[in-house]
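For reference, the structure is listed below as structure tokens.
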Amino acid sequence: MPVTRILTCVKFVPDTADEVEFAADHTIGRPAAGSMLSELDEYAVEQALQLRDALPGSTVSVLTVGPEQAEGALRKALQMGADEAYLVTDDAIACSDVFGTVRVLTAAALTVPDVVVVLCGMSSTDGEMGVLPALLAGGLGWPLLSLAATLTVTEAGLRIERTDEVGTRTVEATLPAVVSVTDRSGEARYPTFKDVMAAKKKTVTRLDLAALGVAPAEVGAVAARVQVRDITRNPDRPPGRVVVDHEGSSVDELVAFLTAR
Amino acid sequence: MSTILVLTNLADGDVDTPTLELLTLARELGNPVALIVGDAPSAAVTTLGRYGVTAIHALDCPQLAGSLVTARSALVADAASAVGADVVLLAAGLENAEVAALVAAALGAALVTDAVAAATVDGALRVTKVIWAGRHTVEADVRTPRAVLTVKANAITPSPDAAGGTVLAVEVGTRTHETARDAVVTSLVADASTGGPRLSDASVVVAGGRGTDGDFTGVVALAELLGGAVGASRAAVDAGWIGIGTQVGQTGRTVSPDLYVAVGISGAIQHVAGMRTARRIVAVNSDPDAPIHRIADLGVVGDLAVILPAAVERLRAHAALEGASR
């Protein structure tokens, strides 16, 4: 029986709590130290692992596009329980915009065999656009089940519940499909020592643009649709005033603040 | 002169505030053309005229309700091509980000989400946005002939066109969307509209968190008295105290009000991400070490069960006096 793959796309990101340094050409490094599996992608890995339980004969494959050190994100996902990993790395991919990245991911989802579900986090914690899953579904010609708070296997395929400005919708699709999950989809599991040891034996396969059949001209800075001209650090909010209340002593000041416009 | 297509959103039968902001920006960039999905009520047509729109297209599509974002995106992309739009503007939001991206993909256009400003500089469209948890402002030039932008609410001050006022004829059309490989929407529960302004464009937001212990009456009363919208932290929503539509934060709504009142909210990074651009922030939290006190302009450390009712009473008396003196 052929293996069916649940391909989970993850990103290796710098810690947004840290200060970031931009180079003169407005790029950032993705240093191995201080970078990590994007927190919102942990939820995608968790849902992939739960989906594996619900789909007999399936495998969780995790994939990332990035420099060599992005393997760190894959290691974390393997420790959580993913079965195998793919690192798409190629100098030409550096400085890709979301369209370049989607070009690569679309090719990867079609190159890795037997993918029936592509799972993503709802957005990256550094880019924060939240558009990649929709573009990926478009690139693949597969249905989009994005911003899922719940993910259920049905007879026909998958069902999600999604909440946004429109309201809460139930959405269903047949496979293969692209799914993105939010942080409300379920607590991401913490690897045990046994999981960490087991992860060491799992494979990370490297793929480059040639292996995916993608031309360098389609990705990277050369294909980017927007060019950064300037980046400035915004001043931090000036420290505010902290008042300790004693049985309502602060109410006058609070009301004055609320009514001052 | 560039053609700027504005995806027009309606509230109570008229153009909503975020759309007025888009129209104001559209006038600076070129000729604004309005796209309404569905019917064009007469109040909206009048408002669009006042804001200097040069054409109004009302397009419908029977497949919209059953489609997540693909039918809507295809409709907008079609309209953009039909009118020869150079720029497409949408209000920022979770769904609109996806719609904007799919429109950009269809048009081969550049995409910038959550823009706070845009202008033509040396012949190029220069777009401004804020990144990295609000710490950096980026200016970037579009390299493609066309661009799709989503624009953050409250980033642009809406102003009608001094020369505007023509009541335009509405071009009506219908489009059919091929749904063969689409996901299907099988149910929709619309956001329960509470009285008062919508969270996304309210100028005052009063938000409650874990510290309210489930009692949102003070938060709601305060919001009403200040003419604001009610918000909540993830903890309050998860505990079932209030609906998910009120959640402010990284994975909820992003708000940019004039005044943000955080009641019983600790101020975790995920929450702050959704409200850090508020002009003035006041917090009530009994924990002096709560991170919210570090970003608030006024942090009150105390028991909200004492402070909130007292503040509400003071404001009610204030309002009564004002009412009496008219």
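Placement of Cβ uses the backbone N, Cα and C atoms for every residue, glycine included.
Worth saying up front: this structure is predicted, and the values here are computed from it rather than measured.
Summarising the annotation, TrEMBL assigns FAD binding site to B:ARG210, B:233-234, B:247-251, B:264-271, B:ASN285. According to TrEMBL, the domain 'Electron transfer flavoprotein alpha/beta-subunit N-terminal' annotation covers B:4-187.
The binding-site residues in question are B:ILE265, B:ALA268, and the one with the fewest Cβ neighbours inside 10 Å is B:ALA268. Other Cβ atoms within 10 Å of the Cβ of B:GLN250 (FAD binding site) number 24 in total over all chains. B:GLN250 (FAD binding site) falls outside any helix or strand according to DSSP and counts as coil. Neighbour counts of Cβ atoms within 10 Å were compared for the binding-site residues B:ARG210, B:HIS271, and the top value is held by B:HIS271. Looking only at the domain 'Electron transfer flavoprotein alpha/beta-subunit N-terminal' (B:4-187), the predicted model's pLDDT averages out at 95.
The secondary structure of B:ARG210 (FAD binding site), as reduced to three states from DSSP, is helical.
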